[in-house]
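Chemist: Input: one structure, supplied below.
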Amino acid sequence: MNKGWLELESDPGLFTLLVEDFGVKGVQVEEIYDLSKPIEGPVYGFIFLFKWSEERRSRRKVGPSMEESFVVDEDIVNDMFFAQQLIPNSCATHALLSVLLNCPQISLGSTLTRLKYFTRGMGPESKGWAIGNVPEIARAHNSHARPEPRHLPEKQTGISSVRTAEAFHFVSYVTTNDRLFELDGLKPYPIDHGPWGEKEDWTEKFRRVISERIGNATGGENGHDIRFNLMAVVADRRQQYETKLNTLKTNRQIVLEALQQVGGVNTKKSIQYAEVSHVCLHPPKFVPCSDDCAIWDALRYSSALRCSLIQHGCEHPSIPRSDGSTLVSWPSCVTSVNIVVSGHLKYVLLCFSIILDHKLEKLVPARLDPIKVNEPHLTSLIPSAFGRESHHKSKASSTVTSSSAAASSSAAGTDGVQPAEMKPDEFLHPDASRRVGFLEMPWRSDEARPLSIHTGYSKIPSPAPSNESTDTASEIGSAFNSPVRSANRSALQTIPEGSITKQEGDTKTDANIITVCLKRSLSGEGGGPPAKRLHIGDPDMALQRLGSGDSVEGDPMALQGGSGTGDAQQDQHALQAGGARPNMAHAFAPKDLLALLKNVETEIQICEQHLKDEIEKRKKYKVDDCRRTHNYDDFIRTFLRMLAEQGQLSKLVDQHVLVRRRQGVSVGRLHKQRKPDRRRKRARVSDKYRRKKQ
């Protein structure tokens, strides 16, 4: 068994199929062409191919310093899987097994699992013999090797004997106990390259080590003709893309369900979402009382904010109030007000989503705080307590006039901030909504992260927040696991949140309101990637109503189970101090949902194309492997027999020999007819005669 091992080529497809034959799942091998480019996904180890004879000479020139890094401690050596190569032509399998058996995250399968447990605690020599005594490994190795010719070819004069004596060798680089090791089956012990830095990945350490090694090897006398090959053992790309594709399809279904729910409510209430047809600051004839809507209280920040009121024409019924008076008529369609910080990165400061029925019961503002609250020009724009305090301020003014200058002046008197005057035309211009625009939110590039629907305003536990991730869906690579809870918070990097506030003095319950929010839960250092939850409050799906004495401030989705204090109170204090909460939600309009759906569809198409490419690549690996391992002797013998039976073989042989003779004659004639040489000879002879005459 130990005498029949064949040589293997350095090909990523061959090693990938060899891994599958070993019974290992979720692993593939990729070739590395550029050391400076990062590798997507987790890297389990590296396999390095070099010309062994030249490598040995170059290391001998450098000096015996490499021997100082040998690990001779038996406990350390026997604890890892390091086997000496005792079988010829088995270095490729040795290097691959050294990576697979030293990585606990890999699913090894029955064959390698049995080998790993059987050789536990053995020395390198015993492990080397154990590899040769596993018939499954030997069969898998030889099944991907090129068959040896039965008859040795005639000696070719064009190949030197020195070149034929050179051999190539495989070694592996793995990590064990936070240290980088080089495992060479021809060495007696592993080579320890030491730990890597605290703030770097182990692949950066390997990049420096392998670059230094290649530099030392190419610095020799014959180093220019040394050929290297580097391969990385990574996670299976097909499984990664399949997982990502399933997540994207789940997110698409969630968004579709959200749109169906929004559409169902809109059908019942005759609410229509359409393109912007008219933009005005104060709609004539339809101005509500200030104590019934906090939107107009926000207009006191008009000196620094741009407000676009998107209004759709519908009938305007009168709405009775609880105190017997009548509220000024409002349109029975959806009216949304977007108040945006002028020139601040495209982040929405305040966003109100107001859904009105033919009988208005409640107007619920949703607040979005700025992304960075430590900037002076933003902290002055945020009220200390938007919910209850803004209601008192709005109630203090009896009516809201139709002049934006009056609203801004009242804001300056309240907060002590003297705003610069703005022309009303700047707000009333029909293109104001286009200038403000439906700004691209930072979450729209993360469609590949999990979404989930929560119906109702009940206390729903959510993962603790942490730093914001700005990776797009296409840059995530292999990180698709669920978010991990973390207590780490970031005071500098926060994202906006939608909040639903019930104002005091309103004895009526909340109206049937559907609120679509995207909740982002962020992980801390060492945790998983951020995830998103799509929260939908639907009255038809057991939406919890708020009583007359209830007041929900902040994000109701962020309230943890229990008393509801703790993090919520800390976040509220931070909000009162001019800060923003780190764990927040985004308010969605149907247009936003449609844009999100479009982005998810685009990501699905990209992911499907990548998955298709990986599947085609795997098929190509199998085709190349069949071409490599197929024995063509029987086919060639049968073809020559058929030619001989038809009398064509002798003619082809004579024709081939004749062509070779003609080529030889023509080459000889060309060598004899060298005109430049004759001219030189004539010139030399004439010079000799001239000298003699002189």
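Heads up, the Cβ atoms here are built off N, Cα and C, so glycines get one too.
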Chemist: Examine the ranges 60-65, 246-251, 678-683 and name the one recorded by Swiss-Prot as motif 'Nuclear localization signal'.
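Modeler: Motif 'Nuclear localization signal', as annotated by Swiss-Prot, spans 678-683.
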Chemist: Provide the three-state DSSP residue tally for the domain 'ULD' (631-659): helix first, then strand, then coil.
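Modeler: Summed over the domain 'ULD' (631-659), the classes give 24 helix, 0 strand, 5 coil.
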Chemist: Could you tell me the mean pLDDT over the domain 'ULD' (631-659), as a whole number?
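Modeler: On average, pLDDT over the domain 'ULD' (631-659) sits at 84.
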